[in-house]
Amino acid sequence: LPDQNKYRTWKAANKEQSEHRHIPTMAGGGFATAAEGSARNYGDGITFSVVVTCLMAASCGLIFGYDASVTGGVTQMDSFLGKFFPEVLSGKKNAKIDAYCKYDNQWLTAFTSSFYITATMSSLVASRVTRRVGRQAIMLIGGMLFVAGSVINAAAVNIAMLIIGRLLLGFGIGFTLQAAPVYLSETAPAKWRGAFTSAYNAFVVIGLLSATVANYFTNRIEWGWRLSLGLAAVPGAIVVLGAFFVSDTPVSLVMRGHPDLARSALQRFRGPGADVDDEFKDIVCAVDVARQNDQGAFRRLFSKEYRQYLVIGAALPVFYEFTGMIVIGIFTPVLFRTVGFGSQKAILGSVINSATNLASTLLASFVMDRVGRKFLFIVGGLGMMLCEVAVSWIMADHLGKHEGVTMPLNYSTAVLVLICVCTFSFGLSWAPLRWVVPSEIYPVEVRSAGQAMSVSITLCISFVELQVFIALLCAMKYAVFLFYVAWLLAMTIFVIAFVPETKGVPLEAMRSAWARHWYWRRFVNKDAGNDNSHNPL
């Protein structure tokens, strides 16, 4: 690692003060102050610098959102299907084929889901690389790979080129997914960390909306699918340019042996007149604990003293995927075509749905740090549950009366309204909180590994789910929504029982949130009581 001698010299010069202030502890990860076991208050000021920096980092969400949405619209365009999947196009026009099965083609769904394979691998690689090159460099590399994949997709002349382009897009997504949410959580003031970190999801939704609007206008052009896929280079270029203008996080700079640069970055984020001594020394203490346990971060994450981080960090992405909203969001145009809308109206319905998602995401950014994470998890889960039950009932009622026939207008309009309400509930809760909570719960020594694990779980399940959703819709029809309802019930109960409230807790004092929890405190308290086993800095 660079500048280690400089870091050791700086640490020795500040060691005496640190000894009087903090005692590191591996109490389930992280550390507690010697004077207090609860969260410290570093101040909650918002500066122009931190706003601009966080917005630039959050713009990484644009590429994820655009890519996730553009494929759903492109895969129902006749010009695209005619060139690459003529059998699907002929099946669409065959009145004898069940409306729920017209898009059931594994190569077609592979085009949508293939990029999740490389995204998973690259997120795991990024967790190690980021410790050497920093989070800012990882975001830059991810943006450049995404631009390359966009160009190849726009120029594709066969399925092989489409898949290669998608795989490159996956590398870009995996790198930025691993780095951007953690970058935001490490940079934002503790009081407003939820709002700043959820900005990533806001940009994801802006990307979704941009893609659906692009599909709406390009759908009328014979080569419009090339334009839609090629326009993905625009958000990719925004990420690349943004990464050039942001500095790395103070935590990442300290970990790579640049304490002076780290302090300067922290001072710039908090304002020239802010007293950053307490926060900076806490960052250094947290990094020192991480250095003492630098090897085997993934192995440590699976050890008993890190059980709470493993359980929550693994459960949230699993539950997030099984809300059903990911596949619904990506395949919204296809779903609306299935229930009776024409091509243009199906994409217009997707635009309305994406706009609803954006409105709820912005609302979540404003209320998250006021009402807390758990409240939004619960409200959103219940809202999605009720809507998906209603959608299932409408589809079942239609099948009972009009077997094999496209839905009449009143049925399909009701499905559109309910999906929009379901999307609003999702955007208010699980959509932003999926990125906020995992990025803030991990102690620094396993933060990159934990984030990589959470992202990889999300991407792996996304790949499988996208690959089989159309087949499930064909086989299960309305019952596919009841499948997701069962998961929503389970995840809402889990959140109520096991997810701690992290609103307003500084990252370096996150242990206090676990210590207050009715179940996890038994692990934290048992380890915390053994402070004598740890050497002070």
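Keep in mind that glycine also has a Cβ here, set from the backbone N, Cα and C atoms.
Because TrEMBL annotations are produced automatically, they should be read as predictions rather than curated entries.
Copied over from TrEMBL, here are the features:
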- 46-66: transmembrane segment (TRANSMEM)
- 53-503: domain 'Major facilitator superfamily (MFS) profile' (DOMAIN)
- 107-126: transmembrane segment (TRANSMEM)
- 138-157: transmembrane segment (TRANSMEM)
- 163-184: transmembrane segment (TRANSMEM)
- 196-217: transmembrane segment (TRANSMEM)
- 223-246: transmembrane segment (TRANSMEM)
- 309-335: transmembrane segment (TRANSMEM)
- 347-368: transmembrane segment (TRANSMEM)
- 375-396: transmembrane segment (TRANSMEM)
- 408-431: transmembrane segment (TRANSMEM)
- 452-472: transmembrane segment (TRANSMEM)
- 478-499: transmembrane segment (TRANSMEM)
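Mean pLDDT, taken over the domain 'Major facilitator superfamily (MFS) profile' (53-503), works out to 83 on the 0 to 100 scale. Sequence-remote contacts of a segment are chain residues at least 6 beyond its ends whose Cβ falls under 8 Å from one of its Cβ atoms, and for the transmembrane segment (107-126) they are 67, 71-72, 75, 81, 84-85, 88, 138, 142, 149, 159, 162-163, 166-175, 177-179, 330-331, 452, 455-456, 459-460, 462-463, 466-471. Contact between the transmembrane segment (375-396) and the transmembrane segment (478-499) is present: at least three CB pairs lie under 8 Å, with pairs separated by 6 or more positions in sequence. Taking every recorded stretch in 138-157, 196-217, 347-368, 452-472 and counting its Cβ pairs under 8 Å to the transmembrane segment (408-431), the highest total belongs to 347-368.
The highest tally of CB pairs under 8 A with the transmembrane segment (163-184), across 138-157, 196-217, 478-499, is held by 138-157. Counting residues 6+ beyond its ends, the transmembrane segment (347-368) has Cβ neighbours under 8 Å at 69, 72-73, 76, 194-195, 198-199, 201-202, 205-206, 208-209, 212-213, 215-216, 219, 329, 332-333, 336, 341, 376, 416, 419-420, 423-429, 431-433, 436, 503 in the same chain.
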